Amino acid sequence: MEWENQTTLVEFFLKGLSGYPRLELLFFVLILAMYVVILLGNGTLILISILDSHLHTPMYFFLGNLSFLDICYTTTSIPSTLVSFLSERKTISFSGCAVQMFLGLAMGTTECVLLGMMAFDRYVAICSPLRYPTIMSKDSYVPMAAGSWFAGVVNSAVQTAFVVQLPFCRNSVINHFSCEILAVMKMACADISDNEFIMLVATTLFTLMPLLLIVISYSLIIASILKIRSSEGRSKAFSTCSAHLTVVIIFYGTILFMYMKPKSKETLNVDDLNATDKLISMFYGVMTPMMNPLIYSLRNKDVKEAVKHLLNRSFFRK
């Protein structure tokens with residue numbers, strides 16, 4: 001695209017599933033149902049972790065943060081996506097797009113770092129149980145969670161600030177359901193090598209480094225579990241981290257598949273995402289936050305007992 005075509009954009013057109021009205025109606029129903037499950041499931045986990053004193057531990061403090069994070073992350077894009085499915089006007093203002101980019105990237109970065117912190121918590125709990133209360137005291141786990149949020153906000157603020165300063169061309173069509181920062185950045189009529197370098201550094205620091213921490217933590221956890229002689233002891237030790245490990249595999253597995261799968265030279269410059277890419281994007285944006293509370297509730301005895309306790313208490317009050 002030639003330089004003379006660059007202009008100051010007022011709004012972007014979110015392509016999504018334009019041209020497929022039946023699919024839009026189908027996905028509207030599905031995503032709305034999933035969003036309700038996300039709000040109810042994660043909201044319930046937050047409420048339980050606050051109300052039940054038995055869950056006032058580092059693990060459930062992190063879990064409460066993760067649930068709140070999932071609610072925030074999905075709320076940055078799902079409501080606008082649902083509106084676009086039913087509306088003929090599928091545009092978003094430039095400022096609205098910038099806010100959506102900032103919030104989406106901030107929540108995604110925070111979740112990466114937070115999952116790393118949770119892995120470290122499980123490592124200490126299993127490999128150094130006697131020192132766990134000392135190492136994972138309130139003075140430790142609260143700053144760890146706060147640091148995760150701070151890292152997400154700072155990373156997103158820096159990257160979003162650099163993207164919104166780019167000159168954009170007249171072609172304002174974003175082939176996505178929301179303002180995904182990489183899709184917006186590639187629409188610029190300027191050299192984006194600096195932006196790509198910043199994104200590479202940020203990805204290394206806030207995505208790959210937490211993943212490395214998770215891998216190291218679970219390698220040490222598995223080695224420690226294998227040293228336990230009784231099968232009952234091994235099963236009990238593994239059950240304390242199986243839910244978190246499942247969430248990590250789903251979260252990082254989806255990211256790695258989305259952004260690191262090989263692409264041919266012919267497809268690198270193609271504007272249209274194929275159906276598989278869009279479904280994977282939808283899975284990453286909706287399915288993972290929806291499954292998190294289900295995984296933690298179905299695979300965790302403490303959460304089940306807390307739910308029963310709260311239900312019984314509310315029943316007897318009546």
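Any Cβ shown, glycine's included, is placed from N, Cα and C.
All TrEMBL annotations are machine predictions without curation.
As annotated by TrEMBL, domain 'G-protein coupled receptors family 1 profile' applies to 41-296. Annotation source TrEMBL lists transmembrane segment at 25-48, 60-78, 98-120, 141-162, 197-226, 238-259, 279-298.
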Contact set of the transmembrane segment (60-78) with the rest of its chain, CB cutoff 8 A exclusive, min separation 6+ beyond the ends, reads 31, 35, 38-39, 41-43, 45-46, 49-50, 100, 103-104, 107-108, 110-111, 114-115, 117-118, 121, 141-142, 144-145, 148-149, 177-178, 247, 285-286, 288-289, 292-293, 296, 302
Mean pLDDT, the domain 'G-protein coupled receptors family 1 profile' (41-296)?
84
